[in-house]
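Undergrad: Questions regarding the structure given below will be posed in turn.
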């Protein structure tokens, strides 16, 4: 049985970040910064409540008679109790024989074009431990993008406004960044396991390292760009965030409306139509929060029974990164134009270039992961580099077509002038011929 290390990492990040947020909010209260204190508490407590709801929903505690566990969830101690329960199951496994054992069938990765199917016995203890891992993975994603990402943006913005980085704030920002990167890493692993559920997947350490570097560069540069833009154009940053969030939130619903599929009813038997709608809205809300800061490896598809698209769409990923790079470059350009006197002590062109290079480094590690380190790369029908090249070819064709249309329009605009000149030259030739004819007739 596999050691539940992901459960322990999720708990440590959750508890340490919550404790740091409470200490920092107390520091803001002592200094009289009531607005920063309120925002810090909101960004800390709201994701905590959502994490408790997700753990209760996955373990289905509402349908079972467990009042003590529900009380501990109300006291925001649900992750601690779940972690203790997971380790209790792990250390007791093997001492008592399971009365019921299920058999699962998984296929190995193809070798020389053949894929072998292997049967495996799964006991009750291992099944419960797998449920705990899945629950903590989803809780880590919620904590990362609905709590840690806004929190990191807020604290970095406060550092820029106050022109000071304190020790408590720097520790809190490091914890928030680690929480976001870990949540993005769990999101990638969840996407792989959902899309390739029939296969026995083993993620190598090189793959974890590539994902960690990819997400670190991508998220750190994205947060820095938003903070720099918001420090000089405070009103416009709300418009940028709102457009991004609404676009990604409404995108799955628009695709669902265009597909004309029936409303999904098989999410949970005990949920009514209103409850199902609330769960779907929370799912798309989380999807929009992830795509605000980085590429969501899990694509929501409401028309699918599993609510997740299992197809690998390279073109959507390519378009996302091209558009996001252009958006980051535009926001940095606006910051460079409207920067205040505070940034006179900062080499603005160098910072501009470093942030763009940092985002490109994230894209580079993403390409390395999908090209060489993905555990299911043998199942890909095409590689991501081919998708990038084809997208660049399409963009090049569009640019060439645009240039050709501009040239033809210029030629069409100049053609009346050429006809007028031709008409004028023909008139002069006719007048000259007439004068010659008159001179010849007079001499005769």
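Including glycine, each Cβ sits where the backbone N, Cα and C put it.
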Undergrad: Labelled transmembrane segment by TrEMBL, one stretch among 134-157, 206-229, 374-397. Can you tell me which?
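TA: It is 206-229 that TrEMBL annotates as transmembrane segment.
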Undergrad: Give the nonlocal contacts of the signal peptide (1-20) in its own chain as ranges (CB under 8 Å, at least six residues past its ends).
TA: 44, 48, 51, 76, 79-80, 82-83, 86-87, 90, 93-94, 125-126, 129, 132-133, 136-137, 139-140, 143, 147-148, 151, 168, 171-172, 175-176, 178-179, 182, 186
Undergrad: Taking residues 6+ outside the transmembrane segment (206-229), which of them lie with a CB under 8 Å of any CB in it?
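TA: That would be 149, 152-153, 156-157, 160, 177, 180-181, 184-185, 188, 236-237, 240-241, 293-295, 324, 328, 331-332, 334-335, 355, 358-359, 361-363, 365-366, 368-369, 373-375.
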